[in-house]
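Engineer: As annotated in TrEMBL:
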type: ACT_SITE; residues: 89; note: active site, electrophile
type: ACT_SITE; residues: 159; note: active site, proton acceptor
type: BINDING; residues: 9, 10, 11, 165, 203, 224, 225; note: substrate binding site
Ligand SMILES: O=C[C@H](O)COP(=O)(O)O
């Protein structure tokens, strides 16, 4: 059985004053039975050192150093105390034109720096409505997940683009279909595919978390908005612990 993981992506939110939310969460979940990951903005990673939880970056460059103004490398994230990094989040794919090939290169850079990559995939609303969801997922998995992926260095996050920040959540059957499809592809491709953690992301809240965590092959969640406040994220962690 894969280890359960509750991951919070703060996106471009959070000042030093927000660290109190992580401290509160750490106090409440000091004996948690699940893995908890917080991906704050890069400016706060160093300040999170020593906290109870795993800390991750939200993106990294394909190179470890060089003339890339404004970018951050996986090695730098690791040096600041991160152990994970998100790659291929839909906001990076959409806003920054990241292709599957870029996502694979960033994920490989993460592995090379000793980080675990949380590789994000998911269909748009148009693709869902066209009935091409599983084809899109297949292509993203084939092209974004490096051949060097293992259950230790890789987490797959299924985030339907239309469910991110919208309050719209796919039905349990829709999540189950995609997660079982991803599991089958990971089993086909990797010897330890059964242990690779598969997260669902998109409008996860305390009120829907238990239902989502009851779905087969859902090993946790990648949470945006509801990870910003300790009370909200705590309810999701509780639901994962009880699942
Ligand atoms: O990375 C997190 C996802 O984009 C989900 O965001 P959300 O929980 O605000 O919908």
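Note: Cβ is positioned from N, Cα and C throughout, glycine not excepted.
Where the annotation comes from TrEMBL, it is an automatic prediction and has not been curated.
Thinking about packing and proximity, how do these listed features fit into the structure?
Structural biologist: Within the same chain, residues at least 6 positions away in sequence whose Cβ sits under 8 Å from that of residue 89 (active site, electrophile) are 9, 58, 59, 120, 159. A coil conformation is recorded for residue 89 (active site, electrophile) in the three-state DSSP classification, outside any helix or strand.
The Cβ neighbour count for residue 159 (active site, proton acceptor), using a 10 Å radius and every protein chain shown, is 25. For the recorded site, residue 159 (active site, proton acceptor), the DSSP three-state label reads coil.
Secondary structure at residue 203 (substrate binding site), as computed by DSSP, is coil.
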Engineer: Under 6 Å from ligand 1 by C-beta, which of these binding-site residues make it: 11, 203, 224? Sequence order, please.
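Structural biologist: Passing the 6 Å Cβ check against ligand 1: 203, 224.
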Engineer: Secondary structure at residue 225 (substrate binding site) (DSSP, helix/strand/coil)?
Structural biologist: helix
Engineer: Out of these binding-site residues, 165, 224, 225, which one has the fewest other C-beta atoms within 10 Å of its own C-beta?
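Structural biologist: Sparsest of the binding-site residues 165, 224, 225 by Cβ contacts within 10 Å: 165.
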Engineer: Work through the binding-site residues one by one (9, 203) and point out the residue whose CB has the fewest other CB atoms within 10 angstroms.
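Structural biologist: Selected from the binding-site residues 9, 203 on minimum Cβ neighbours within 10 Å: 203.
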